[in-house]
Amino acid sequence: MTIDFSMPGSSGILDSPAKRDMSFFSNGYVLGLTVTAGIGGLLFGYDTGVISGALLYIRDDFKAVNDNYVLQETIVSMALVGAMIGAAGGGWVNDAYGRKKATLLADVVFTVGSLIMCAAPDPYVLILGRLLVGLGVGIASVTAPVYIAEAAPSEIRGGLVATNVLMITGGQFLSYLVNLAFTEVSGTWRWMLGVAAIPAIIQFILMLFLPESPRWLYRKNEKARAIEVLSKIYDPDRLEEEIDLLAVSSLDDRSKKSVSYLDVFRSKEIRLAFFAGAGLQAFQQFTGINTVMYYSPTIVQMAGFSSNQLALLLSLIVAAMNAVGTVVGILLIDRCGRRRLALTSLSGVTLSLLILSAAFFLQSSDLTSALCGSAALHTSTACGNRLGWFAVAGLALYIAAFSPGMGPVPWAVNSEIYPEAYRGVCGGMSATVNWVSNLIVAQIFLSVVAVLGTAATFLIIAGVAVLAFVFVLLFVPETKGLTFEQVERMWKERAWGSPLGSRESLLDGAA
């Protein structure tokens, strides 16, 4: 079997491509590059997780925060405002100055923000620090997946990009460990927020020794440097093939030296790709993941556990499950495919949200008394605690379902579905959709709970998960194992009605 890699305007470059059998651990250079770039994901995850525990102690230190739900939500959400701005501008920074410089910029901004938060004398300086940290996280959230994807062989690209998501979940787990470690230390929340500067500084130093993305270099006509990087990734036969593919891609991109945000909507195939990518990012947030991660200690306390330390410990367990589930996703994403993994994940997410809704409904209704009976007070309390554990089990099940699929899939898909000329801009726009959705969820979750109750809130999120399932079924194609050039061709064929607009036809369309 052979694959026809010819594109419109080219003469057809390969009749028998080199064997694509690189394994996840077969190239230490690619793995090291992936882990270093993934520290940006670590920053992303740490900031997501740390604020949930720190907020418990910020409320104790600042009476104005303790008495004001809006101020609490603003402290959480201001980082999301920054991330939204950082992601929107980060796509342009990536295309104009490269993935490496964008990462270095993100590290500097994040470090400054962390130090400001650590020294904040009042809630308003703390909010400024949160804004700067968010800017850094937003730029990193665009840059890391693209940088990894552009250096990754196509057969393991999904798993390598998912490694960045593992770093996100690892950062969340680390944040809960840090939260627990500093619970008895003076200035608890200042330590929690300040130590975030350490991984940013480490990444800055390591990135100085790593190359720019080979695809970005080639597009900027720095072909010798691009080939030098590629030679560290591929054997000589495969290297020749990859250079040929880059040459074809650069021919198509020659007329697109500069792409504006409006250009995304002028091309039908790019509109379709962006709709699929941005939709995945939006549904990742609206199916409730950062509701769980931002407010998991608060949710645990809603479930009846009043101790701050116990709430943080249970949140640590949830974060650990998130990390383990992401490892499962890394193992499956290049075997099962992005689409199947997302659909399976959303099925489990829907079920777990229904369980959560039922747990909180039972706890808040008169049914609790009927179920627990009219026994002595201590018996009734024990029964209520069992319902609390039922809610926590629902949270754990949610993470187990979400983390292998809807955790890594949106980032993996968005790193690979856009043509070279549009990758930074579209990646930034779709990441902005993620952060806007994240901001909406973080800003309104506690308020919606206050109005409708926890049970109804989780029931609504379950309904959103059903919509997400339908969206993936209808609009998200499978991209497992496809080169960037094949993915670009797939969107053109889907846009203009060609019968070859599927993964299978691209792999099997020529012999």
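These residue numbers are counts, starting from 1, taken along the chain as shown.
Just so it is clear, glycine is given a Cβ too, placed from its N, Cα and C backbone atoms.
Annotated domain 'Major facilitator superfamily (MFS) profile' per TrEMBL: 33-480, in sequence order.
For 29-58 (among others), the entry in TrEMBL reads transmembrane segment.
As annotated by TrEMBL, transmembrane segment applies to 70-92 (among others).
Feature annotation from TrEMBL assigns transmembrane segment to 104-121 (among others). Sequence-distant contacts of the transmembrane segment (104-121), counting only residues of its own chain at least 6 positions beyond either end whose CB sits under 8 Å from a CB of the stretch, comprise 40, 43, 82, 86, 90, 93, 128-137, 139-140, 143, 190-191, 193-197, 200-201, 203-204, 207-208.
Taken from TrEMBL, the feature transmembrane segment applies to 127-148 (among others).
Residues of the same chain lying 6 or more positions beyond the ends of the transmembrane segment (160-182) and with a Cβ under 8 Å from any Cβ of it are 24, 30-31, 34-35, 37-50, 53-54, 144-145, 148-149, 152, 188-189, 191-192, 195, 199, 293, 309, 312-313, 315-316, 319-320, 322-323, 325-327, 329-330, 333, 403, 407-408, 411-412, 415-416. Per TrEMBL, the feature transmembrane segment maps to 160-182 (among others).
The feature transmembrane segment is assigned by TrEMBL to 188-210 (among others). Here the transmembrane segment (188-210) has long-range neighbours at 33, 36-37, 39-40, 42-43, 46-47, 50-51, 53-55, 57-58, 61, 100, 103-104, 106-108, 110-111, 114-115, 117-120, 129, 133, 136, 171, 175, 178-179, 182, meaning same-chain residues at least 6 beyond its ends whose C-beta is under 8 angstroms from one of its own.
The transmembrane segment feature in TrEMBL is assigned to 272-295 (among others).
Per TrEMBL, transmembrane segment is recorded for 310-333 (among others).
Sequence annotations record features per position, and here TrEMBL assigns transmembrane segment to 340-361 (among others).
If one looks beyond the transmembrane segment (387-413) by at least 6 residues along the same chain, the residues whose Cβ comes under 8 Å of a Cβ in the stretch are 145, 149, 157-158, 161-162, 164-166, 168-169, 276-277, 280-281, 283-284, 287-289, 292, 296, 299-300, 302-305, 314, 317-318, 321-326, 328-330, 332-333, 338, 341-349, 351-353, 355-356, 359-360, 362-363, 368, 434, 468, 476, 479. Residues annotated as transmembrane segment in TrEMBL: 387-413 (among others).
The transmembrane segment annotation in TrEMBL covers 433-452 (among others).
The transmembrane segment annotation in TrEMBL covers 458-476 (among others).
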